[in-house]
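Notes to accompany the following structure.
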Amino acid sequence: MEIKLNKYIDHTLLKPEATKQDIINLCNQAIQYDFATVCVNTCWTSFCKELLKNSNVGITNVVGFPLGACLTEVKVFEVKKAIENGCDEIDMVLNIGALKDKDYDLVLNDMKEVKKAANDHVVKVILENCLLTREEIIKACELAVEAGLEFVKTSTGFNKSGANIEDIKLMSKVVKNKAQVKAAGGVRTYDDAIAMINAGASRLGTSGSVEIMLKQENKSNY
């Protein structure tokens with residue numbers, strides 16, 4: 001049975017030079033394909049809310065993005081403003097330096113405070129796997145589960161590399177049924193998307209969403 005990819009996809013536009021017209025195009029595409037969410041920076045939340053008001057498409061906002069190095073209080077403020085402006089899901093970046101320092105209390109508290117501010121909204125934590133060792137990825141996943149987060153996510157897409165199959169399998173194994181896995185960064189093709197899902201991802205962050213859907217439609221027509 002063919003996987004319906006559209007509801008796996010957070011249709012993503014996070015580049016700093018994004019214009020209003022770019023965001024309009026993003027939202028129109030999301031409506032056309034009925035994607036799970038659009039993933040945008042918080043300055044666009046209200047604008048997207050209006051554009052998407054008659055659709056089933058949600059809004060994901062990034063927080064502490066892309067470095068994760070701001071104060072927890074700043075992340076909490078971002079979350080509260082994002083939700084106030086209409087966002088549905090939060091993708092936060094964890095404090096990577098603190099994880100490497102083994103300051104697990106700080107990392108855990110950072111995630112817990114964001115989740116507390118988000119309340120019943122879905123929170124995904126971005127690990128930025130390309131900067132982490134295997135052991136650090138495992139520990140970050142364990143802390144995310146302890147913090148009560150719904151997803152662990154591979155990458156911001158702003159660093160040296162993004163999602164890979166080995167990391168998705170590892171993250172899925174660690175979180176088991178206690179959280180889900182989002183693959184992001186470098187998920188550009190239909191084959192990438194299917195491979196990530198087969199490895200254990202239940203959400204995909206990609207700016208190549210339309211190309212992926214067109215490829216699926218072409219396959220369905222044969």
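Backbone N, Cα and C atoms are what each Cβ position is placed from, and that goes for glycine too.
Marked as active site, proton donor/acceptor by Swiss-Prot on the basis of sequence analysis: Asp91 (among others). Cβ contacts within 10 Å of Asp91 (active site, proton donor/acceptor), excluding its own Cβ and spanning all protein chains shown: 27.
DSSP classifies Lys153 (active site, schiff-base intermediate with acetaldehyde) as strand under the three-state reduction. Summarising the annotation, Swiss-Prot assigns active site, schiff-base intermediate with acetaldehyde to Lys153.
Lys182 (active site, proton donor/acceptor) falls within a strand when secondary structure is assigned with DSSP. Close to Lys182 (active site, proton donor/acceptor) in the fold, though at least 6 residues off in sequence, lie Asp10, Asp91, Lys124, Phe151, Val152, Lys153, Thr154, Ala201, Ser202, Arg203, Leu204, Gly205, each with a CB less than 8 Å from its CB. According to Swiss-Prot, the active site, proton donor/acceptor annotation covers Lys182 (among others), on the basis of sequence analysis.
There are 29 other CB atoms within 10 A of the CB of Lys153 (active site, schiff-base intermediate with acetaldehyde), with all protein chains counted.
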